[in-house]
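Following this message is one structure expressed as structure tokens.
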Amino acid sequence: MTSADEDFPRGGTFTNTNKLKGTKRPFEQDNLFEPYESNEKKKKKDNSYENKKIAQKEKEVGASKLNDSKNVDILYFKNLVEGMLIMGCIKEVGDFELMVSLPCGLNGFVSVTNISDSYTKFLTDHVNTDEIMEEVLTLSHLFSPGMILRCIISTLGKTADGHNSIKLSINPKDVNKGLSSGCLTPGMVLSGSVASIEDHGFLIDIGIPGSKAFLPKQKAFEYLKEIGKGNLKVGQYLNCLIEEVKNEGRIVRLSISQSAISKVVALEKQGWTLSSLLPGLVVNAEIDKVSQNGLTVKFFSSFTGTVDFLHLDSETAGYNNGQQVKACILYIQPTSRAIGMSLRPYVLKPGPTIEPVTSERIGEVFKDCTIKKLYRHSGASIVLPDKTVVFAHRHHLMEFGGQLKPNKVMPGTKHTCRILDYAPMDQMFLVSLQRKIITASFLRYKDIKPGEIIEGKISSLQDYGMWVSITPYIRGLVPRTHLADIILKNPSKKYSPGDEVRCRVLDVNPVIKRMILTLKKTLVKSTFPIIVNYENAEPGMITHGVIVCIKDFGCIVCFYNNVKGLVPRNELSTEVVPNPEKMFYTGQVVKVKVLKCNPEEKKLLLSFKAVSSGVSTNKMDVMKQTQTEEFDCNVGKIVEVEVLNKTENGLNVTILPQKIPAFLPLAHLSDHVTNCTILWEVLQVGDIISNVMCFNKSSQQIMLTKKTLIKNSVEENDLPKDISDLHSGMLLIGFVRNIKPYGVFVEFPFGLIGLAPKSALSDKYVTDTSDFFQTGQTVVAKVTEIDVEKRRFLVNLQISQCTGEDDQNESLKLLLQCLKERNSAVDILNKRGDPTLDSILLLSVSKKIEVVFEEESSDGTAYFKCSKVPGAIVKAVKYHMKGVNVVPGQKVKPVVLHVDLLTSQVHVSLRKELLNCPVKELMLDSKHLATVQHVEKDFAIVSLEESGQLAAMPVTAHLNDCFRFQSESLTLGQTLNVSLKHLSKKSTGGLVLVLREPDKFKNTTRVRKTSITKEVLPTGPKHSLNLGDIVVGTVKSIKPTSVLVTLENGITCRIHASEIPENATPGSFPSSLLKVGQKVTARVIGGRDCVTNRHLPITHPHFTFTMPELTVLPSKINSELKPEDIPLIDDVKTFEVGTEVVCFVIKYNSYSRCLHVEITGKVWGTAELLLMSLSPKDLKHPEKLFKLGQAIKATVVTSISADGRLSVSINGVKNLAEDTVTLATVSTINPNVGLILSLPFSKTGYVGLTDISDSYMSDPLKQFSLGQIVRCCVLGEENKKIRLSMRPSKVFPGHRPKIRDAEILSVANLNEGQIVRGFIKSISDKGIFVSLSRTVTGRIKFKYSTCYFLKDHTDYAKNIPLGMLVSAMVLEVDVKENKVELSILQKDTGEPDIFPPSLGFPLRGLVKDKEKSEAFKKRKRKLEKEISDTKQTEQKKKGQHLSEENYSGVEVFFREPIDDDDDERKENLSHTSKTLKEIGEPRLQVSGGFSWDVTLDTLQTFKMVQVEYSSEGEEETDNKPQKKTKRQMNQDKQLQEMELAKVERELMDPNRQPKSANDFDRLVLSSPDSSIVWLQYMAFHLHATEIDQARVVAERALKTISFREEQEKMNVWVALLNLENLYGTEESLNKVFERAVQYCEPLKVFQHLADIYTKSEKYEKAEMLYNTMLKRFRQEKSVWLNYAMFLFKQGQTNAAQRLLQRALKCLLNKDHIDTIVKFAQLEFRYGDTERAKSVFESTLSNYPKRSDLWSVYIDMMIKHGSQEEVRAICERVIHMSLPAKKIKFFFKRYLEYEKKHGTAESVEGVKQKAMDYIEGKSAVS
């Protein structure tokens, strides 16, 4: 076993595995508490002196030669290291990086940030400023392909696709880091970058600290003239020659003349060292060694370099040892000190660029290429047919995963190769001999064209889309909108990395190597012509496109190669489209027609509504397409078709008489898979097929089916047409659409597709899904789970779940259909008159034919030749030749068993019982013993024992029964019990039909015969008992529902619990009435099949024996009864629906959630969970509700006779009639609407908000959760949906609960002025609608909803949540129209306004006043003034005020014109008029007439209102306020002082509670560091539902509280986390959490958030957070303990136990014991007590002297253990050898325990033991 350090290295240098193995500690010496010194340390100490000597020798040798290169090889990626200097050539220039060609075919990349510091600063400054750059200095302005660079490797790694990645830098400070100011000399060539532009030249950054380099403008102009470019720019890369060095290298003058630089040769006197050598230097070298792979040269006396064969100037033979050459340094490897060099001329005399850098020949394939030379470890040089020499790397000479075979690539051999790339630094083509690359469709992005269909493999899934790898070096992006025809919410559920997909190319940009793909099926499978440019978009063309933009003026559709067109608004549809955004969506695939195209302006005009004109120009094709679209193809329509042609997948047909093309799949020719192939072979072009049903219609074609079962299900039943019509438990007939490893997809009519998971395919264990079902197979499925939102559902294909009421008859009908279809195929062939098949068609089953024996094969099969059937293969297997001796050439007459039309095989038999069978008349439903003679997939041929008559028998009893183990399959010669079910031989090919009988007790008749089976199977225990026999036996064993009895002759019998007492009392246990060993007298009443353990169930699955059934009921043992009068065991058919029975509990099945019971020895039943009780509390633990063997009373609900099972109800619910009270399970919670409940009998019902309780409450749905069991009452059925009520008054009819909100059954029950409550149902322009009950809905007009003024009605919907509970007053009731008008104004209901003041809406009265026009105000003031003047004039005339008696006149009002529709304005003006009347304006007197009375009060009111007007800022009237007297002024002053004193007393009261925000502001000023005050302030705002204000208070608190008060700040952070958890979003909570972690101790913040999640029942988030904490704080003991407590409280004891093992691996050794003890304490409280005891015992056995552990153990046992256990532990402790002080402590605890729980004797016993201990200690001392 490897050590942990080897598997998990802790950083640093590489760990030697051998050393670790040497220091591994032996197991027997492992002790945590003993010091240990490894042998490795000792060895290091002993060998330290020798190691020093060896190191000294190595140092001396290394000093003599700086570097040494033994082998010459090309440069590989594995030889590269970070910090390595290397020479490169720019291959491509991108926007943000340079692609650089390196020696030996390698490629690297230079990022835009690795050019130079000056260029990086230049870009950063312009990004940070908002100024627009006059000229953007992109990389293309500074670099060009072919430029030679000096680079340094900055990073080596792998890309996301697994390819090698080389990141380079050309920053001068990185490249020239080995140089210093002191080593600079004239004549050196360095690389630099333009840092800034000055008046007289340029400052050059050469990357050497302390040195400044200057380039004069004259030198720069000479260089620019040579290269023919403009001016130098900041960041431009330059090769510079040092001309002058001043001040010890601090000032350097440069030149960039290319002619001067090309002549420079580096000299030894310049002081070059290994660390200062630079790539690109040209040196004079001497050849030291010539090898096969290159040269070894020496230069500068002490340096050695290598020249590989790729960089030799001529053949190797042209070089000799000692020869002087010029060489250029290519790279310097810092770790191995290897120097790579080149002798190629283009490197020795460099110009500004190297050409060429690429070639158009890339991708070409050449044949007959000759291997020139093989380099075993490097590759091979190859000569192309045009004499070009190329190079192939070693891994391109062999296939993927293979090994290089030199004998296949020897020099001179011919091969086919393909050019992969061109290496500018080597000036050579790179090729490959791999077959996979040679045959690849694409090598470069430019090889791929838009619109092309390609295949690739998914490499990764991202938020923005999916990456697909086409080749190892080509990949494309599938945007998120193109993953499917619809927008996928969770793409990872459909796609996963590694999946192979078929895509279509949308766009390719070879320059930036970008490719966009699509996975939309419509686009990938589209047969329409594609548009890749504007030139090929011809008017009239129809094609597919994708909507990329939707505007008011139309839709913009995108095609391939980013070609876009416009669909105007008038071309969107044949109907008017008011809002295109509601009709279409971005990413939608549409079919468009080109109306007009202008390639020059790149404009394209398209149409949606003109698509019906078709693609083809052929009028016939257009007509057919139109007919197909217009054909009425509803699912279930029966049509007649004609075969057009045959394909491998089915038949192309036309629907008659319209000649509509359609497709009939091969699998849909029959319900039997074997018959599909036969019918496909038989049908020919031109044949007419009738009775075909339309199954589906897609955009491409019409799908038909001839499956009889599917047709019958569509015709007979009301099948669900949408997923919303499905309900759990529904049985549907469909066919297998697709088979996946994880399950089977089943398609049903109307396009519904469900998934049957692997676990729900069969009652047997499923290893491979393809073994159980075939594509196209007809199956019966049971709906189990439905997800309406995601539009998917699960089904179950297990036979036990999909069993019908009469499956045996169904299997008989299937067999009859199968034989009829085969017979119809024979009739078709007979009519066709094929001479090759005529003779075979004459053969029929049971017919004898004359044949001649030819030979016998090795397996015993005999082959015959029949002259009458020349083309047939006649054969008989070994079983059918038993007892027959024939010789070749002998003539015999066998009987025909089966004729195979596909293979022309005739199966015959020569068995005597078949040849010499007597003719007997057969009776329907008669029982027979049959022998299997021949087995096919769908049926078997059997012979009846008495007559030898051949019959057909179905092999399977169910559509889904298609997999059998070999031991379960029928075998030739097997004997079966069958019953005759069909006598007619016309449609079955001369066969009668039989059904296999289940193996039952033989003596079902009254004839006395022994029970002996004749099956050819191993037999069980034999007996000679008969029905009615009286037997005596001994009780052998007692089971919950039966008793086994052993008779005197050793036969074992069974007595069922129903046969023990006469009338079993519910709640009793009948089997307990008998005792083991008791003698009983019983009578035989039947038998049952049992399985023995003598044989393996795999080898003998059908091996059963018959066990006699007995009864001990006195009424049945009565000896006077005759045998024929003895009552047998009740069969399932004897129980009718509604019968009350006594049943006995077998078990509770937690998987199917039902209770299994037995009624009799033969009949069993199930009670589903909801029928077990009427109390939801009982069903929390249904397994504890009943005990095994308990007798319970039940009612038969349904009968399933196929497997002898009844469905029973224990709680008395027989059906879901009206007023029935039952239990239900919450399946869906619809917010603001109600609940959908799953009812018994696979029904579904719904409960509205008003039917949940008798007293309405806010948010009534929060108390429910999915899966919760509730009690409900059936109200009735509406629209095929059951309406339910959960009101206590309904579900508990006997009780009289308090009803606050009575049920309103109709509008007539309401009275005007009545206060009612309800839930807001909807909000529209007509008002707010409130649901008062399930049948009554009231309306609230907006003016009766609030006292605030809202301009826009949409503000009501924004601020009033649906489902809100409101109180309303009934304003008006219209019984005829069934309408109710309500009001929720505060003055009507007494409840607060529906809008809180914090929303800031203005009051209605203020708004109305403000909305009055200025003209109206002026007219009003003028009118008032005129009235006042008139009044004063009259008063002057009369000299006194007018009295009520003599005053008369008319009221004068001014009213603006009012529109009839403006109801609100009418109301406002009428209100104004009423106000003026109340004010009592002076009336104008007229002569004559009558007068209106005016009271004094009205005049006073008028004066008061006038004062109010003046206070509102209007013009002052003549009524001035009277001046107050001095006494009144003193009284007012005293009142003000008293009020002020009262306020001061309240503020000074320390017990006063703050009641407003101002109070809290004063309070936090007095106590700014108190978190309690701040939290109360937050709670004040939360109580007023001012969430944002509470957040603001929290932020103020965090800024105000001193940084020293850490705990106070922590309290505020916790409160803010709680606030966001309750009222915020997940995003806001995460932001607060991240801030809290930054400002507080992270561990505490994590723990508080975990507690918040736990308290709010967000257990999944809490568990995720705990896992994060374990990674971050793995050595914190508290984290492990808190997580453990969380798991224990959740009931995850197993997970908590596994957590302990993880904790011990991560925590320090000193924390192990405490952690174990804490886990054991948690186990005591929440887990298994026994396990906790074992943990404590194990720990104390290792640490027996830890008194603290003993004390904790005793505490836990006192709480959770028994008294005997506590006393036993105390006894152990006091007898241990512990210090006297600790023993005294335990004696004291022992004595306290006995005083509390023991007796006086036990107390004295403890005292005596303490005295004995003291005496013993004294004696020892």
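Cβ coordinates are placed from backbone N, Cα and C, and glycine is handled just like the others.
Automated prediction, rather than curation, is the source of TrEMBL annotations.
Sharing the features that TrEMBL gives for it:
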REGION    1-53  region 'Disordered'
DOMAIN    83-171  domain 'S1 motif'
DOMAIN    187-257  domain 'S1 motif'
DOMAIN    280-344  domain 'S1 motif'
DOMAIN    451-520  domain 'S1 motif'
DOMAIN    540-609  domain 'S1 motif'
DOMAIN    636-707  domain 'S1 motif'
DOMAIN    729-798  domain 'S1 motif'
DOMAIN    1028-1101  domain 'S1 motif'
DOMAIN    1219-1287  domain 'S1 motif'
DOMAIN    1313-1385  domain 'S1 motif'
REGION    1419-1443  region 'Disordered'
COMPBIAS  1423-1443  compositional bias 'Basic and acidic residues'
REGION    1509-1533  region 'Disordered'
Is it the case that the domain 'S1 motif' (280-344) and the domain 'S1 motif' (1313-1385) touch, counting contact as three or more CB pairs under 8 Å in which the residues of each pair are 6 or more positions apart?
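Contact absent: fewer than 3 Cβ pairs fall under 8 Å.
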Of the listed stretches (83-171, 451-520, 729-798, 1219-1287, 1313-1385), which one yields the highest count of Cβ-Cβ distances below 8 Å with the domain 'S1 motif' (187-257)?
83-171
How about the domain 'S1 motif' (729-798) with the domain 'S1 motif' (636-707) - do they touch, taking at least 3 C-beta pairs under 8 Å (6 or more apart in sequence) as contact?
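The domain 'S1 motif' (636-707) and the domain 'S1 motif' (729-798): touching, yes.
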Counting Cβ pairs under 8 Å to the domain 'S1 motif' (83-171), which of 451-520, 636-707, 1028-1101, 1219-1287 comes out on top?
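By the under-8 Å Cβ criterion, the domain 'S1 motif' (83-171) pairs most with 451-520.
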Over the domain 'S1 motif' (1219-1287), what does the predicted model average in pLDDT?
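Taking every residue in the domain 'S1 motif' (1219-1287) and averaging pLDDT yields 90.
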By DSSP, how many residues in the domain 'S1 motif' (1028-1101) are helix, how many strand, and how many coil?
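When I sort the residues of the domain 'S1 motif' (1028-1101) into the three classes, I find 7 helix, 33 strand, 34 coil.
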What are the DSSP helix/strand/coil residue counts across the domain 'S1 motif' (83-171)?
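Per DSSP, the residues of the domain 'S1 motif' (83-171) fall into 22 helix, 37 strand, 30 coil.
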For the domain 'S1 motif' (1219-1287), what does DSSP give as the number of helix, strand and coil residues?
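Reading the DSSP string over the domain 'S1 motif' (1219-1287) gives 10 helix, 37 strand, 22 coil.
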